[in-house]
Every structure is written in C-alpha cells, then in structure tokens.
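Pulled from TrEMBL, these are the features on record:
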ACT_SITE  SER296  active site, nucleophile
BINDING   HIS74, HIS183, GLU485, TYR526  Zn(2+) binding site
DOMAIN    1-555  domain 'Neutral/alkaline non-lysosomal ceramidase N-terminal'
DOMAIN    557-720  domain 'Neutral/alkaline non-lysosomal ceramidase C-terminal'
Amino acid sequence: MMGYANMEQIASGIHFRLRARTFIVAEPQGNRVVFVNLDACMASQIVKIKVIERLKARYGDLYTEKNVAISGIHTHAGPGGYLQYVVYIVTSLGFVRQSFDALVDGIEKSVLQAHENLRPGSIFVNKGELLDASISRSPSAYLNNPASERGKYKYNVDKEMTLLKFVDDQWGPVGSFNWFATHGTSMSRTNSLISGDNKGAAARFMEDWFEQSNAGHSSADELVSEGIPRRVSDIISDFRNNHHELLELAASFQSPPGKAATKILSVARRVRGILREAEKPGFVSAFCQSNCGDVSPNVLGAFCIDSGLPCDFNHSTCGGKNEMCYGRGPGYPDEFESTRIIGERQFRKAVDLFNKASEKLEGKIDYRHSYLDFSQLEVTIPKQNGGSETVKTCPAAMGFAFAAGTTDGPGAFDFTQGDDKGNPFWRLVRDLLKKPDKEQINCQYPKPILLDTGEMKQPYDWAPSILPIQILQVGQLVILSVPGEFTTMAGRRLRDAVKTVVTTTGESNSNVHVVLAGLTNSYSQYVTTFEEYQVQRYEGASTLYGPHTLSAYIQEFKKLASALLSGQPVELGPQPPDLLDKQISFLTPVVMDSTPIGVNFGDCKSDVPQNTTFRRGEMVTVSFWSACPRNDLMTEGTFALVEILHGKDIWAPAYDDDDFCLRFKWSRPSKLSARSMATIEWRIPDTAPLGVYRIRHFGAAKSLLGSTRHFTGSSSAFVVA
C-alpha cells in the first residue's frame, strides 16, 4: 500500500471502493477546466502523462496538461506502485502495472463521463469552519514561525472548508466538491483493507445522503444512523413481519455449490449501479485535499502505547524512541470507527455548506500551467535589513527525520523527529548508496542528508526534479494545484501571496476565493516554511529541495497569477521525463489458484448457522473458497454482496463492497499455497429492513495454463429481525 512506506502493509481486501470524481466547467465556445479528485495517496506524474495522452487521442487539444488537474485525497489505504520515481515504489516491490492501469482507466472514464454530462448550469461557493476533524501533528515546528504571523490566526491548522455546489439548469444539484485539510491517516499503518479513509468515507456518505434526500428526506441527521446514511436499496416496504414465516423462507435457501459466472454478473448486481436514473446524472461529491502537511485526523493527540502518557512535544518520542508514539483518532482504538467519525464530521459540514450556498461564481474561466526544475531554481528573497538576495533550491534530498515517520505512522530503528545532526552509522549506510557532496550538504543545511535522492540516477531517477505548477480560475474561485504536501503555514503564505496579486491586479475584487489543492498532478513530498525547515521534524526533513522551497513556489505562482490576470501566456518549461518503459517490478504474479479435491471455487467454507436470526448491529461472517483478487479487480463490480429476498424467489442487491458496513477480506493459509479463502463481514446497519438475506461472493480463478474463470457462491439465507 502507499503512504506509510511499510513493506508489511500488504493489501488483503476492501473496506470500500476507491473512485475518481471529476468536474468540468466550460464556457460555450470558450475555455474549460477539469478537476479530478482521486481516491489515491497522491497524484502521479506518469499517470497524468498517460491520461493526457488518451484524452488528446480522443479530443485533440480540448484537454491538455494545462487545463486538467488530477488531485489525490491522500488516503494511506490505497495501492502503491503507480508512481514513476524509485523512492516512491521501493516498498511496493517496484512498479505495479495493474494498479497503474486501474488508475489511468478510472480517471479517463471519469473525465469521459463528466464530458458527456456537460450541461448548462450554475456554481455556488460557500465557506465555513470545521473544528473537530484536524489537529497539528508538528506543533513545535509551527511555533518556530514568527509570533507576529502566528498571531494572525486563531488555530495552528486551517479549519476552513471551501465548497462548490454544482446546479444543473434542468435537474437541479448534481454535485459538490470541497477542499479541507486533514491527513488520510485515520486508517493505521497496519490496516490491510483498501479504503478511501476519512475523505473517501465522507464522499460515500454525502452521495448516499443526496440520493436519499431526493427520495423524500431532507436533513443529514434524518438520514444518518451512527454516521452512516441509509441507502435507496435499504428502503424496502414489502418485507414480512412474521418471524416464523421468515425463518421457514430462509430455510428453503441453503448454500448451493459454487458455480461458474460471467464477468458482467458482479457488475450487474452492484447496488450503486441500479440506483441511477438512466437519463439523469448521478450526484457526485468529492472531498478534496488541501495543505494537510502537518495536519492529522487523530484528534485525541499522540500518546505512548507503553505508558499511555503524551509523547515528547519536540521529538514525538517515548523514552527517546519514536516507534511507541501513535496518534489517536476519535474512535480509538477502532480505526474503522475513527475513519467513520472524521468522515462524518466532514460530511455534515459539507451538507451544511451545500444547503446554504448562495454566492454564485461569475466571470471568466482560465488557467495557467508551467513546468519548473526545482533542483536549481533561482529565487529572489528579501533580506532582513532591506534589499534582496538571490538563493537557489537544491537537488532533492531527504533528511534523517524522514525515517522517523510521524505520529500518524512512526518509522523504525533509532530515527527521531527534530534530528538536525544525524548519526555516523546511518551516514555510512547512506554513503554506500550516494554520498552527498559539500555543495549539496551546504544547500540543504541544516538538514542532515539521509538519502540524496535527487542525485541518485540508477537504475533510473529516484526523485523528481521537474514539477508542474498550475492555476485554475472559475470566476472568483482560484485553485492552486501543488505537487506536494504543504504545511498549514506554508499553504497560508502561498494563498495569501496569490490573493494579493489577484486582488491588486486586473478585474478581480476582494471577494476572490483561493484554495490550495494538495498532492496534485505530481508528487514531491513536503513543503514547509523556512522557519519550520530549521526544526527538521518529519515535514522539514521531507521538504526535498531545501530551505527555500516555499519561496520558490511563491515566486513562481505569483508569476502564473500575474499572467492569468493579464491574459499573457507562460513558458511551458522543461518537460518531465516519461519513465514508464524503465520501470522495474519485483512483485510476483499469480501462478495459479486451487481448491481441495471435491470443492468448487465459491463453495461456502464457513456458512451462517441454520435457522439463524440476527439483530441490527450484529456481525454476520461468512467465508468462501476463493482465488486471488488480482486475477480480476472487479472494477465497477463487487467481490461481496448482501442480497435481500423480495417475495418468495427474487433476490435484490442491498449492500456491496462499496458500502461502509461490508468488508471483504482475502487470505491464504500460507504464502506458497494456491488455495485461498474470502471472508465477508457484514455489520448489520440499524437501518437495514427486516427480512431474509444472503451473502454472495464473486471472484476469478487462474489456472496453471494462465486462463481465468469467473465464479460466484452464496451463503445460506438468514433472517434479520
């Protein structure tokens, strides 16, 4: 998985599905902009290159790298192996073509759907504070910023959510996108289920809420049971109240043998697929990432897991060691509950802003984009005693504190945050890979260099040097697309700098809304302020291009903003490399799948007990003889399905693996075994209708000759009463 750099965090199932969500805003016969919110840890340069190639093949120059933004929500529970630089794919055993293709395909399809859905409409913007979904995970570094600057702000993280409401002239509201800064780390570094984390959860909740509100409800409170909105498919009026009759009916449906199935079957049975009116666009809600660099969703704070005491303030250690210091989410110790709570808090705020949005976006649509070589960018900065001086950014390098990790996911060995010295042993290990020269050491000072990634080129580039910066304008909204994780104060400085340009130049007024879209178009780790960099906590150690990185961004974004307002073009800049053909993978393929003699794929291995009645809130667990999910990712389909009985013999989809209450888990008895099983867990929602249910599993098995065969199986029926 991608995010925690933990090689033992190997995906083994699905919490809920990952999505690409897109809005396109176009002037008739004029400019257009595209914003893709991606349920992934971050955007990838090579993913964007290939998406743009596909869009150009289909639409010509309508969609290019200049007017398309692809932004990651920063979930740490998504797949790894889809970035092109070595340092970001080491822990995924190299490049994973299957994950890469799934992302490129999904983004392309999302953009195509948005393109086909273009219709006349209006956009409204609203802003408001969300106070209980984020805290600072590096408050000691924040305190190194000037007191006069800190005094301008009430909080040490940004608490403001900015939301767009898209309204179709005919259909009414069709979507909402919002930006709010909090890390996608509610799910921990030991989680092995694919998940959109808190932002993905919030998107699920809001899309379901809207579908329900169209079904005759109006408030978020009315539609949330323990934070989870009801589903259209949940509201079934023809269930039977006679418990004895339900038990008899359930007893007539025993678990059948697994059988062959078509690939399309799992797609056809998907719950969300049947909710859509054919002629009406489905409601799309995206929870986008912002300047989340030093912002954690683990709002209870960081504590030592051995003593229960708070971690050391400056170094986030326990007895001098970082491995014991962990942040606690609001559902502690249940990470799924923390994910739900932080997701629900964002969802509730978004619904409030959505319902009250009244300021209409009006004005032109425009964009500017440029590539910059951050390894050697000249930056003019003010001197303390007046005047200015020219400094340079550095080739990428990571400091010792990078290896310490954060309170959201501590590192290993004896690294600590706030280490501006390093130690002789790890310097020796570093030098075996690449010893930084004196110029690089001086340039990156006071960062002690652990990995000189910008100067490591074997077998190909370890880190990026050429990065994209981009501004999208929709009326009085300005989106700053940045290829990294800006800390709170770094993001504030960049937004303020651009807003100053926008409000003092040209036609714009002081009502401009500037949002920062983090982890967009490419990825280059962190950006701190100069003052935070001096402290060398994790974020400073991960600010690749040296202490003047933020000043470089501010300088170049001001140029973009000025060009945008004056209508002047900007230089494209040096092209980033396309390293797809150089990628290396050590991830072993699926060799084959098998079952015991006399057992079919899809046979129930552990069924529900006969004549069982479950209550709402209880867990139903069923397991099946299965095959490796990598044989078919069931994109737009499902591995797991809960069906409810209508009448005497019609099974209707009720919940699938895109639902928060249903978990799909896959396992092998041993690493070298060709046998495997799928365990499906359904926590029955309080809103589930009474009735007869069964659980189904879909999969695909691979033979020794390489062919794949789809299969399905189902549990015996049971009663929910």
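Cβ from N, Cα, C; glycine included.
Cβ environment of TYR526 (Zn(2+) binding site): GLY293, GLY484, GLU485, PHE486, THR487, TYR538, GLU539, GLY540, SER542, THR543, LEU544 lie under 8 Å away, each six or more residues apart in the same chain. Annotated pair the residue listed as 'active site, nucleophile' and HIS183 (Zn(2+) binding site), C-alpha to C-alpha distance, rounded: 5 Å. Every protein chain shown contributes to the tally, and the Cβ of HIS183 (Zn(2+) binding site) ends up with 28 other Cβ atoms within 10 Å. Taking the centroid of the Cβ atoms of HIS74, HIS183, GLU485, TYR526 as the Zn(2+) site, the other same-chain residues with Cβ within 8 Å of it are GLN289, CYS292, GLY293, VAL295, GLY484, GLY518, LEU519.
Long-range Cβ proximity for HIS74 (Zn(2+) binding site), meaning a same-chain Cβ under 8 A and a gap of 6 or more residues, is found for GLY3, CYS41, MET42, HIS183, GLY184, ASP197, LYS199, GLN289, CYS292, GLU485, GLY518, LEU519. Of the listed recorded positions, namely SER296, GLU485, the sparsest CB environment within 10 A is found at SER296.
A mean pLDDT of 97 is what the model gives for the domain 'Neutral/alkaline non-lysosomal ceramidase C-terminal' (557-720).
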